[in-house]
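What Swiss-Prot annotates here:
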type: TRANSIT; residues: 1-55; note: transit peptide
type: TRANSMEM; residues: 56-76; note: transmembrane segment
type: BINDING; residues: N213, K270, R390, H423, S470; note: substrate binding site
type: ACT_SITE; residues: K268; note: active site, proton acceptor
type: MOD_RES; residues: K293; note: N6-carboxylysine
type: BINDING; residues: K293, D295, E296; note: Mg(2+) binding site
type: ACT_SITE; residues: H389; note: active site, proton acceptor
type: SITE; residues: K431; note: site 'Transition state stabilizer'
Amino acid sequence: MPSSSFTTGLALGAGALVGANAFVAPTAKTTNLRAPTQEASLQVAASQQTEQPAPSTSALPWAFGAGACLALAAGGQRKQRSAIAQGRATVLPTASPVVRRALDQSSRYADLSLSEEQLIANGKHVLVSYIMKPKAGYDYLATAAHFAAESSTGTNVNVCTTDDFTKSVDALVYYIDPENEECKIAYPNLLFDRNIIDGRAMMCSVLTLTIGNNQGMGDVEYGKIYDIYFPPSYLRLFDGPSCNIIDMWRILGRGTTDGGLVVGTIIKPKLGLQPKPFGEACYAFWQGGDFIKNDEPQGNQPFCQMNEVIPEVVKAMRAAIKETGVAKLFSANITADDPAEMIARGKYVLAQFGPLSENCAFLVDGYVAGGTAVTVARRNFPKQFLHYHRAGHGSVTSPQTQRGYTAFVHTKLSRVQGASGIHVGTMSFGKMEGDASDKNIAFMLQDDAADGPYYHQTWEGMAETTPIISGGMNALRLPAFFENLGHSNVILTAGGGAFGHKDGPKQGATSCRQGEEAWKLWKAGVYGSVSLSDGVIEYAKTHEEIKGAFLTFQKDADQIYPGWKEKLGYTGESSVQAASFDWKKKAAAAAFAGSSTQARTVGVQMRHGYDDVATNTFYYDKRLESFGQQEFFNQVGYLPDGTPMNTAGNLTNHPETIGPDPHINGSELPQAVFVNSIGYLPDGTAMNQAGNAVNHPETMGPDLHMAGSPLPPPLKGYLNDIGYLSDGTPMATAGNLSNH
């Protein structure tokens, strides 16, 4: 009896025999065929079929043989079937003589009498402006109406379930300009999905309707969003940013108004560095710069795992802050497919940065990971700067792409979603695709009211999103960029501009800061009525770092600063010393336990919980644990003998990490509590009582750990790198050796 697979093969063979009159044998000509459109494909296929002889009975042996072969193939291994399939050419069916036309729905989904001004005044519609072109032979209004129908309540036929309410939420075409391919559609606010947990709006619903199925319609050549307007009542349902560059300025000690350029970089190479070299690169840049970000593909690669590289970054930051006296910032990539993974990454990073947590931003690849990832970060970590990276956006936003939406629309949506900052390219002043008019993107992100290509958007106090400029920028390109934009209140991430500088990343970072200063001095008239380029050259004569940028990026210098060699007296040599840094010095530097704003008091700066005003009680918040770090800090608590925890054990084992005790004798001790889930001292004292029995009896809580029950998970236990007790016992085993 034949096997089931062989029987299946015979059936396939019979199918091939029956279909012998319907298809032609593949030829080399069809193998290389590339069809740009379906209609063209069908026409080519039809012309090729006319070249073939009509099937006859002589084809039957061939068909039967093919059927037998198919039977054997089906009865063989999967690998054999794959090999046969790969060897076959695609055969196209004969073109159908029937030309399908879309249902003309303009009587329902179009109302050209509607006034845009009135639609905006009513505030009940999201307005979207498209560049849309129907395919040849299709009426513009009918296609636009079909476009609106497919984007809202309709389909390609009338359905019996439609009622009056359904029609009341139809999307409506209210303006067309066929000659310029312009089409505007009004979407009722009620169409868009809302959260069931809090009633808030969701961007995925906006995109599903406005840029969803309409991108694949058979009667549309292309359609692309060029502007979108959100009415105030609907805009308020989105999160918007929770922090932005103002918070960075505050951390950097620059106030909250016109704090200027945040000089940043991307660690280069973008991939391939292991943890320690990565930390070294951070330390080197922070000698002159403010801000470092993970590049968008950096995360948790096997050769550079987060639990190894983040501690190196923290060490580098502490050392750089101590040596420069200036705060530093880092943006850690927490992008992942799984929201739980994103949250886990974020919590881990915050635990490692501890009291420097406010100096840490979270980077999310917002385009490739989607709006869900942006919202996960925004809602779970509202106190962190949400760094929106747009890698991949060019596939839909590029001017060369006629579908999707523009870069302007993309960045506008990021503000609505809650991005603290988003990359905006370089407005044609760097290597990325763009135009000088892209400054309107920055205006839409930062102003409370701004004009887009088609709509005037009022933000009603929604926090601004900070433009992040990157892509081929260096000190020489910055002055003209600032002049085009009109200000320098942006974040710069110059990878090559810093690490490509001939004298190293410290000088590269400093040169970028000098590029901003040179522009400001020229703007203030310090150099008289000379051109901007001549003003920058005058500045460079007395500033070696930006002069080094001229010597490094000579092609840029030739293009932007004609005659710079003669004006700077360039001889081919540079007086700038090569940058260097000592990793051992960095590793041995005293840990900087403070945050970045020295004006803050220890009591405010080091709190790790919250006060219940009603009961005047301080509650410890595990989410703000700071002592799970490389050393103890005195704000956590004191041992029973009064020894601050930043010196306990470290006095014997790690003297290089001991910093000054900021607590003033006689003043109120920092009110934080050890919780018993952390561990026990060797004498059995639970850590929620250690020291507090003497210094903070009012904060002592019950010991929640039951004898014999499992200890808390490792991440909430002591880790070896936290520190040592005075007798040398590592904190991972302190107390547990005796008690557990």
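Cβ atoms are placed via backbone N, Cα and C, with glycine included.
The model shown is predicted, which means the values in this text are computed figures rather than measured ones.
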Other CB atoms, at most 10 A from the CB of D295 (Mg(2+) binding site):
20
Cβ packing number for R390 (substrate binding site), 10 Å threshold
22
Pull out the recorded positions from the set D295, E296, H389, R390, H423 whose C-alpha sits within 10 Å of the C-alpha of K268 (active site, proton acceptor).
D295
Which recorded positions from the set K293, D295, E296, H389 come within 10 angstroms of H423 (substrate binding site), judged by C-alpha positions?
H389
Should any of the binding-site residues N213, K270, D295, E296 have a Cα within 10 Å of the Cα of H389 (active site, proton acceptor), which are they?
D295, E296
Taking R390 (substrate binding site) as the reference, which of K293, D295, E296 (the recorded positions) have a CA within 10 A of its CA?
E296
Out of K293, D295, E296, point to the one nearest K270 (substrate binding site) in space (Cα versus Cα); all of them are recorded positions in the record.
D295
Rounding to the nearest whole angstrom, report the longest C-alpha distance spanning N213, K270, R390, H423, S470, listed for substrate.
36
Let me know the DSSP-derived helix, strand or coil state of S470 (substrate binding site), please.
coil
Among all the protein chains here, how many other CB atoms are within 10 A of the CB of H389 (active site, proton acceptor)?
28
Using a 10 Å cut-off on CB atoms, tell me which of the binding-site residues N213, S470 is the least crowded.
N213
